[in-house]
Amino acid sequence: QDEEKWDFVLVSNIHEVGSEKEIKRKKFLDELSKKGFTIKKIEDKKLFYGVRAPKQIFRKYQWLLRNPDSRLQNPDVHCDIPVTTRIRIVNFILQNTMTPDLEKLHDLMKKKVFEATFPLHEKEEVREFLKEKWARWRDIFCQQPIEKIRCYFGEKVALYFAWLGWYTYLLGIAAVVGLVVFVAGITVFNSSQVSKEICEASNTIMCPLCDQKCPFWLLSDTCTYAKVTHMIDNEGTVLFAMFMAIWATVFLELWKRQRATVVTNWDLYGWDEEEEELAMELINNLQHEPRQYQHSYFRSTIILLLVLVMIAVLIGIAHALVIYRVIATAFFTQSNSEFLREQANTMAVMTGAVLHYITIVIMTKVNRHVAHYLCDLEKPRTFSQRENNFTMKIFTFQFFTNFSSLIYIAFFLGRINGHPGNYVRIAGKWRLEECHPSGCITDLFIQMAIIMLLKQTISNVMEYLIPWIAYKLRKKQQRPKKRSMMLGEEEEAEDPCKRQWLSNYQLNEVNIFSLFDEFLEMVIQYSFTTIFVAAFPLAPLLAFCNNLFEIRLDAIKMMRLRRRMVPRKANDIGIWLQVLEAIGILAVIGNGLVIAITSDFIPMQVYKYMYSPCMTENSTGVDCSTGYINHSLSVFRVRDFEPYTKVPEMLPDFVRDEIKECRYRDYRNADDYSYTVQFWHIFAARLAFLILFEHAALCIKLIAAWYVPDVPQSVKNEFLDRKHSNLRKELSMMEYSTEV
């Protein structure tokens, strides 16, 4: 039975005898034979070569990387090497075998000499167990068998699933808190004093929203919008933002503990990647010289500049989206349909968000190519170093792709657009967007909600459907011919390997970055759930529901739809941990800014404690935010409009002579439109709050990081006992040998 186990399968088209491709293929297979590999050829519509490495190779590996503690007993212990390690070593040798023409497998695949190489999904019991108990939709709420995943896919994949499971588990807590905050917001939906004032302001005339054909309008028209805003923008959100900043820290600290627990039993705690790489190089070729570490400041500077150029392009795209929204608003306000005119702003924001989602999808593909190109320029020494460089670049690009538009809406929208009679214009023509009188936070909420929903529904459906359809199509293409051949040649028994190799070949291919993509998707989602969570308390809930499916989706893809991944060794999630820590810090800054700048929390507090009726008169029965809306709107004299603003003479359904003045949202004097004292009060309060919030949150983060030890005591004690018993054994061995 063991003789029929093949480590790897190489697939090649049937080339003409004597053609260049055929000669190159023969040279490569000859090199493998020289190294003692067994090669078996099966012919179907393609040529399949099964390769099996000689036992000697694995013995060398075990000898070189044996545990220094276990050198004591007899040196030639042949415990079986795990399948995952076996596949990894064979893959390394295949990738690094040189033909006499100095070509490696990678070059031969580019030249179409070989079409595919993959390890086989075996019929082991581990696989059957995983298929039944893990890669099934019905197990959504079950614990994942991490140990078994490791035995089949290697440590790196197992750690990804351990991390994803842990993240989802802790998201559950954040999701509940977020939901409570949101529900609390809905209950105060009608009771908020500010939205009451907006709904009753039926004689507050507001300045037109655009230059041509836009009427004056009444503040009370926007009653519903105000209620929605105050559902999101209340005291609860401030607390929730604090909570999420702390949650992000605690999550990472607890993950470090979880990881330590998971890795203890794998004997990888002190594993050295470099040593393993050198050992494999030497097994493959005894004359191998290691590549030295190199660092060139010139190259780093060039790459830094190119990264900055790329970021500038991504910010440019965000600007394009802003311009789209401005122009869309102008068109919607001038359209003939009444619904579009009234909802112009919301419609512009919604279509803008959908457009943003489309740019995210397109730019993700572009970012990959750019990051690959930059990594090629950098010439990293090892694959893992390359992967780290690639991770940092692609994450930076993806971050700007996903967030630059949100950052604009949160911090710039309505703050840089001037005031009536002196608007900031794009190309001297279109006015920049303004915030609604009740604040900008609803725009941010809409944008976040649309992007998160689209990302999670469309992206997940595509992620599952595309491989599934591809698999079905491949299966269909290769079925019928096989049958007709079998009918014709019934006397020849079919090779038992043939069916297995064919069925593996029909699965979708995995590229080296398959796992990387899953990680990237999750980390971007993690940024969405922590950075602007103050504006969208439902983010953790959406992420939680998404992840329950994501775990099984990835499992089904790996077990049923894709060829087997080449297992990789790892003892933590690598550079992703630093990325997650960076996001944790950005989350504190982001949420602090959202509360200080985007939300109306600070202006309301300043009003309550400085200008409200509670402060000026000794009236006790009054709500302290009474009069806030009137206070936050400035007066504009209609005669000061720019000459080319065409305002309809009359307010529709409003009996009154010509309007002398209108109101707009800002703190400016009525005579010369300069900023009032209140503006500066609020500005100072915003800054003070920001500094306090960030320092408080960062202190709590530091305390949490100190309070939760990275490695659980049980793990430390286990290592202590191991060391102790090893030393004891050595001592007794020594005494025994001296006695003899």
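Cβ from N, Cα, C; glycine included.
Averaged across the domain 'Anoctamin dimerisation' (84-146), pLDDT in this predicted model comes to 86. Positions annotated as domain 'Anoctamin dimerisation' by TrEMBL: 84-146.
Residues or ranges marked as domain 'Anoctamin transmembrane' by TrEMBL: 149-718.
Residues or ranges marked as transmembrane segment by TrEMBL: 157-186 (among others).
Positions annotated as transmembrane segment by TrEMBL: 237-255 (among others).
Annotation source TrEMBL lists transmembrane segment at 301-327 (among others).
Annotation source TrEMBL lists transmembrane segment at 347-364 (among others). Cβ atoms under 8 Å from those of the transmembrane segment (347-364) belong to residues 314, 317, 321, 324-325, 328-329, 332, 340, 397-398, 401-402, 405, 433, 443, 446-447, 450-451, 454-455, 458-459 of the same chain, restricted to positions at least 6 beyond its ends.
Annotation comment: TrEMBL describes 394-413 (among others) as transmembrane segment. Counting same-chain residues at least six beyond the ends of the transmembrane segment (394-413), those with a Cβ under 8 angstroms from any Cβ of the stretch are 307, 310-311, 314-315, 317-318, 321-322, 352, 356, 359-360, 363-364, 367-368, 370-371, 433, 435, 440, 443-444, 447-448, 451, 520, 523-524, 527-528, 531-532, 535, 579, 593-594, 597-598.
Nonlocal intrachain contacts for the transmembrane segment (523-549), taken as residues 6+ away from its ends with a CB within less than 8 angstroms of a stretch CB, comprise 140-141, 164, 167-168, 171-172, 174-175, 177-179, 181-182, 185, 232, 236-238, 240-241, 244-245, 247-248, 395, 398-399, 402-403, 406, 410, 441, 444-445, 448-449, 451-453, 455-456, 460, 576, 579-580, 583-584, 586-587, 590-591, 594-595, 598-599. The annotation transmembrane segment is assigned in TrEMBL to 523-549 (among others).
Feature annotation from TrEMBL assigns transmembrane segment to 570-597 (among others).
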